[in-house]
Amino acid sequence: MQFSGALTAIVTPLKNGHIDEEAYRNLIEWQIEQGINGLVPCGTTGESATLSHEEHRDVIRICIDQVKGRVPVLAGAGSNSTKEACGLAQFAKDAGADGALLITPYYNKPTQEGLYQHFKAIAAEVSMPYIMYNVPGRTGVNMTSETVARVKRDVPEVVGIKEASANLKQVSEIIEFCGPDFQVLSGDDFTVLPLLSVGGCGVISVVSNIVPAKMSGLCKAFAGGDLARAKTLHHELSPLSRAMFCETNPIPVKTALSMMGRLSLELRLPLVPMQPQNEKYLRGILSLAGLV
């Protein structure tokens, strides 16, 4: 399975404390209509940390059902417990996901050997395509390029990585060490074009929740050799990307989607609504982009 182009790390719409299935299905449908290249439910942006196990399964199940094979679904299945990650991966496989996204274990800060053994054990237990997810700013641990290459060499089920270290040297080394068949996706909306320029294949994006056509257009333009168009889209996306991270993700992106009329704004504690000045700033950016 090829995971490339722009994949949306899709939000989980909530209403009265429950998953808003109607809004979620409508959002998925709009994403596909706008030309997105894949969907990633139950990631950080989908508030996976505060979903119950039952809700986690429902979010993935609904996404797969609504997509109906039109674009790849890469289901979030990570945990800081290897055993729990195996269970989440098994569910994703049984539900019909095209692959699973596995974040590096967080909080318990495993060594590089521990990271290697974690991914190896999951793949041995549940055989399916995996994309690893390196985001040291959230997990407290960085997976080095050497460890990524070791996993790629020994664990064929691991077909790529979502790289959100914001370290272009490390990303370049991963591409160098792992070769062109290893799918390296940006996990940072600000570094999509630089990552593509050194051999990456796309992005798992937050900002594409609100502008799927623009982010998929950037990736398509680059792949087609239209570097001028890709650069133009990169700069058009930059103000929106900054706005998506003016507070903790996914607070701004869910607020933006609410302003656009695509969902009711509801977050789960400890996430709280935006500060008034930041909300005003966000609305201004969306207005300039013609989104509200």
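Every residue gets a Cβ built from N, Cα and C, even glycine.
Taking the Cβ of THR44 (site 'Part of a proton relay during catalysis') as reference, residues of its chain lying under 8 Å away and at least six apart in sequence are, in sequence order, ALA9, VAL135, ARG138, ASN249, PRO250. Per Swiss-Prot, the feature site 'Part of a proton relay during catalysis' maps to THR44 (among others).
Counting Cβ atoms from all protein chains shown, THR45 (pyruvate binding site) has 23 others lying within 10 Å of its own Cβ. The pyruvate binding site annotation in Swiss-Prot covers THR45, ILE204.
TYR107 (site 'Part of a proton relay during catalysis') carries neither a helix nor a strand DSSP state and counts as coil. Under 8 Å, Cβ to Cβ, and six or more positions away along its own chain, TYR107 (site 'Part of a proton relay during catalysis') finds ASN80, THR139, GLY140. Marked as site 'Part of a proton relay during catalysis' by Swiss-Prot: TYR107 (among others).
DSSP assigns TYR133 (active site, proton donor/acceptor) to a strand segment in the three-state reduction. Around the Cβ of TYR133 (active site, proton donor/acceptor), the number of neighbouring Cβ atoms within 10 Å comes to 24. The active site, proton donor/acceptor annotation in Swiss-Prot covers TYR133.
Long-range C-beta contacts of LYS162 (active site, schiff-base intermediate with substrate), restricted to its own chain and to partners at least six residues apart, with a cutoff below 8 Å, comprise LEU101, ILE131, MET132, TYR133, ASN134, VAL135, LEU185, SER186, GLY187, ILE204. Here Swiss-Prot flags LYS162 as active site, schiff-base intermediate with substrate, drawing on sequence analysis.
Other C-beta atoms found within 10 angstroms of the C-beta of ILE204 (pyruvate binding site) number 28, with every protein chain shown included.
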